[in-house]
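First the structure, in the form of structure tokens, and then the observations on it.
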Amino acid sequence: MNRLHRLLLSMTVLVSLPSTAIAFGQDIQASKLSRDLSSSAPFQKVPVIIQYKHDTTQSQADSIRLNGGLVKQQIHLIHGITADVPVYMLSSVANDPEVSYISIDRKVSAREVPFAAPEYTIEPINAPSAWAKGYIGTGVGIAVIDSGINPVNDLSLSPLLPAFLNNLLGSRVVYNENFVAGEKTTADMYGHGTHVAGLIAGNGSNSLGLRYFRTFFGSAPNAHLVNLRALDANGEGTDSSVIAAIDRAIALKNVYNIRVINLSLGRPIFESYTQDPLCQAVEQAWKAGIVVVVAAGNDGRDLNLNSEGYGTINAPGNDPYAITVGAMRTMQTPTVQDDQIASYSSKGPSFMDQVVKPDIVAPGNLVISSKFPNDPLSIANPTFITPLSFYQRNGSATTPSTTYFPLSGTSMAAGVTSGAVADLIQAAPSLGPDQVKALLMQNADRSYFPQTSSVTDSGILYTANYDIFTIGAGYLDINAAINAARFHNGNVPSGTAMSPIASFDPNTGNTYIITDQTALWGKTALWGKADIWSASSVYGATAFETVNGQTALWGKTALWGKEDPNAFTALWGKTALWGKGTPDAATALWGKDSSGPIDPSASISPLLY
């Protein structure tokens, strides 16, 4: 069911069945209830996450039970609990002044489509140059919250050790735990988590040596991984399973030096990031000193809102703290000059809050990584193959590899970026999450992008404009970020690096950005304040200016600049993304019913395409 259909269906339910839906908008408690709860029948028990202003007490848990609910678990990270509660009793629960928000414990699931010729991953982000300096993620822990990680040679301690010794000493997956309800295994029963893990930290053991002319490395080939399984054999989980895994990553931070969390998953946006329990968990990890890297989503081809795929960022990628990553096509070459944005890569700004996303883009289309015997994703998609001839001397062009296969999606791009973050942290261990984000974005490559690119699929033409809502700051360049950190001796100014908010002026038709006043290097330093479009923006040579003695990430005329918006009327005119002349229009990105498809069965996905 497409986004618009689900939205209209939910609106129909609200209009035609008022007696069976929560009376939203009729009392103060309504503001505490997520919109998607309105489509549930009154006597239906729904799984919910109840967030409180403080940690829950025994009396509050007893109150849930008295209201016919079943309390399942406490989530200290967001001062919440998970429970099954009859819909008609939710307003009573919301009456508690300590309750801040109630939302469905939403599902997570996966999407894939077949592709053929594989592409490059490491070369376009300039990782080999960083490795030559010795920065390969050594000592840095990365929590992979996904479908699990299976033992594969590429995650061994060293590609130089014989197999028996690696088996004896163990792998670089140093911790395993399951968060899927009713299950105990930490193994990858789906195939997604192992593939992502290889993109993060694969050391190329299965493609290294004289037999091979190409080796498949992850971007941090010596980092260690913490396997926190939150998605099941179908690639599905829930908000609460992911939140519990994030909570564990924070608890284990100092034990395994966890500096990065990878979230190659997502779901539609149902409320502001300030209320979304998944986003709130991401922020807690960020504030605990852990960089959170999130997939942008694979909905860039969604044309149902007549917005050319804009406004399709997934949660929790809509959170302004997180590093949200879009996917690039590397066009089967190691150089970046011919690379293009993947047409499915979700575009900003975000629903509800209009956060400018993605923050950065990285290789994510047809990227090759690890698979294991009887890998479910590989079996289910027989065209997902890496021919031996692609990396093995005298290898057969018709025989598929048994250890590698390609996948596409912003999931993959997030994994590549998480490994790059580990390399940067090894180079400058004192960096905090905001400084890491600023360095990656400041030093992203935006020197070669075309103004547009197009691809035709199934008879439909998809055209991408290379603007901030499509490519963010630009193409990940980890070597440039490391060079900048080393130049400053790791003494990068402190502050926040929250992604800004887009603001549309219906009177002028212009789009502006609003930045956090405490943003890193000052309010005009990190982002600058100006109209988004500029002749010297993404395509120009002016990338920096000095503000108060500091080098700005982008100044007033750098990335954002000012230009006649009529050049982009099709996308940013009064009848396009922002609605018919007013921000309150029902068709606007921030309209009353525009917080994403209102469907309780909507899922958080490992973001494959």
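Every residue gets a Cβ built from N, Cα and C, even glycine.
As recorded in TrEMBL:
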type	residues	note
SIGNAL	1-23	signal peptide
DOMAIN	137-447	domain 'Peptidase S8/S53'
ACT_SITE	ASP146	active site, charge relay system
ACT_SITE	HIS192	active site, charge relay system
ACT_SITE	SER411	active site, charge relay system
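Each residue contributes its Cα atom, and for SER411 (active site, charge relay system) and ASP146 (active site, charge relay system) these two points are 10 Å apart.
The 10 Å shell around the Cβ of HIS192 (active site, charge relay system) contains 29 further Cβ atoms across the protein chains shown. HIS192 (active site, charge relay system) and ASP146 (active site, charge relay system) have their C-alpha atoms 7 Å apart, to the nearest angstrom. In the three-state DSSP scheme, HIS192 (active site, charge relay system) falls into the helix class. The sparsest Cβ neighbourhood within 10 Å, among the listed active-site residues (ASP146, SER411), is found at ASP146.
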